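Here is the structure we will look at.
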């Protein structure tokens, strides 16, 4: 109360500084019925007129108890004239002024809302309550109306804003920004814009489908660049053009697809095929194209029967390419029948043969087909070569493998984009959860710090208990924090599966989120890489189009970011309304602004988008810096339909675009960029071809004749001088003057094609085909394999090679060739049918297993094995064509003996004893004439009775007569050898079986002698033999061989210590090299040789040498030349040759007299 009593004494100045405040006065207006006191006061102080007015006013202002105005009865007004202003009393004037002052704020509101207040703002009279209410009602209605207008204006504004922000055509935007100016792509004068677009399309095909194209196999690289395409199409010189390589890639891929999805032609005479054709209205039954489809089927079958293989399997090279393309076009669209009917219907989009690109091209370009028939593909124009390449490309795109690959890529691209979007959304969710958990933990920590742990418990929420997964995560996070080892894969999997941040502590939340963010960024980069690769492979990376319909292509294979100006074929339309311009102050005028921002002017003569302005721009430009890429994104209008997508794609693929632009800037700096487009280089089409096709085919034929002659596969007829034939062929290509007979097709019955009188009238190509045919017919049939030769058995049981029907057709078709490429095609199908491995140019000596010059080898006429002249013990000189090796001579003797026995049995069946004697006798005269030759023949086929056991080894059974005196080595048919089985004689004969390994004749003829010997196991029995005088010599020789083999063991061990012997120390492990034993049938290694020496498997030192060289031969056969192991084998071979030369030269010096060796080493 002390202070309350002092409150009344307080003043403004004692509590606050400054003057007292002036508060605005707010007049209080009477609402509803006035109080009686006011009315009575007014009535007592008013004049009769005022009372009348007040009464009327009061009566108007009165209302019923429920608030509704009561009806006022009309009263007759006083006709008394009111007082004039001059007669107004001062009190009334003051009342009017006071009323006006009270209504001043109301008048301000009325003015604010546009209400006419001239009726109410006056000084002549007091306003009645009714008039004031009327004024308020007007103000209220005006305020409501203004609010409605404002609301409508706001709605219109929002609507206009939405309408303005709505996506629309780029040219309808009024706020376009200027795009950067791109430098023109300066192409060579000989390369126009349209050709560049075609080359880029082909380049993109090779890039997009490089997985399905054998680019690596043909060119040795996985890439095809633009320069390769340009040189292939424009260059007419096969030596520099890559056209043959690229077409081989395409045709090889076509072969693979046709093998899987087409197959060979259908048999149109089959009942099943006829039923299907009639039921499904297939290609052969088509009203317009059916007959041509049948002709193509017949032609395809004729080609297959002529060359022994389908057209798609014929080898492709630069010389056969022309004829192969012609035949492919002639047979494109052939009918494959019911085997592929459903596949063509569903998997290939209802493919029809008459819709094939090759068929359409053949029907619409007969002039080009005629050029291919008589000339070469390199004689065509660049445009024609381009069209042929596009035909093969379109054919490949019709196969299901290519179609499905593109669809799979697009689907996978969609999946990867969806995964990326899902990953980003999930990452945002995890970021928000981590943020909430972190803030909650920080708040908890601050609260505990301020109030203490006990006091803060009341205000803290209860955290969930960590789950098992969270506990594992905590353990990993602690290991990461302490820099200890942990399972990184498990941690990454837990981070990507989602983290319960509300179960972690503050430090763990921060660490877990950092690790999670790093992993998410890594996965995002991988997804972006995959998306970019799929986009590139699915087609050229088309980033989008801008307002002027310009296309943006990102080509990583060049590399370059190209901008293509639209052409007439793009159909950009015509001008409509001009592009609106919101602010053109910067440009001076609207027209200048439209020109600068590439907007539509509405006039085709001046429009830079649709009209003449667009035609004045170069078609190809490029982005030359990363800065301009950023300007493109900034200038793209966010409301334009085309530029929205363009900006999004550039932003999405920015990492790859940055890499490409860095390369572009580097190449521009060092001047290598323009070389990508062959700028400042001469036109490849102007290069003169350095290939003379007639000279090339002549050289090929001469080379073939040389290989046949030197390989002893055949010779020209004896009536023709070989050198003269070669000179005529090389000079003129006409060898018909040397032909004295008609040109025939050799077969079971010769078929005359041209008589001798018709030969001079032949064309140059036909004369070359005659020379080729003559050369082919001189090849022995035994050197031809399928499909030209087949092995058959004649009436006498002998295996002979017969010419097939394919070979006969091939000869006829060869003489019908009209061009050099056609002859080359026949040459390419002939060479695989020749057994070149039988040629002495490719063979090794059967005795010493070494190669040599062709002049130093002789070919066996029967088995086609080669021998050195020294190993065959022939004099140097021309190799005889009828020479036979010792093995084949033995076979001949066996056959002769069998025929002789058969003849004797038919002539004198009673002389059985004489037949059996003839059976084991070889040829006494030949034995007496050359005992050394017979020693070499005694290895495998040295007698008449040779057979093979179940294991595949050759076994010889020797029969001899024991009923006479001791045989004389000079006169007896063969020396005899004692045996432990001579007690088991029957009818005067003893059968002794000896195993001979005919696969191990790796060494020279001396090894054949050694293999015919066997150690005597019973010396006593041997001494009882009539050959006992030679027993000591044989035993000494046996001991000498054993000693030498032991010396060779030291040599092998020394070889094992050499640094280059490591691949040959142990047998090849089949697990490491699974296919080794499929290629090498007689494996050998140094460790095996040591074991064989210890086990006394070797009988002679020559066998050791043979196995040593077998190691080298196996290595060179399996490994590629120039490889590390191949080089080791060559070094080991040099080591063996040097040591063996010294070892066996010393042995020759101590060799027994030849006569003694001959006597000891007789036939066994």
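Just so you know, glycine gets a Cβ as well, placed from its N, Cα and C.
Segment annotation: TrEMBL labels region 'Disordered' over residues 1002-1021 (candidates 1002-1021, 1022-1041, 1042-1061).
Confidence annotation: the domain 'Bromo' (1056-1126) carries a mean pLDDT of 88 in the model. Taking DSSP states H, G and I as helix and E and B as strand, the domain 'PHD-type' (842-891) has 13 helix, 7 strand, 30 coil. Each residue of the domain 'DDT' (193-260) gets a DSSP state, and the totals for helix, strand and coil are 48 helix, 0 strand, 20 coil. Across the domain 'Bromo' (1056-1126), DSSP assigns 41 helix, 0 strand, 30 coil.
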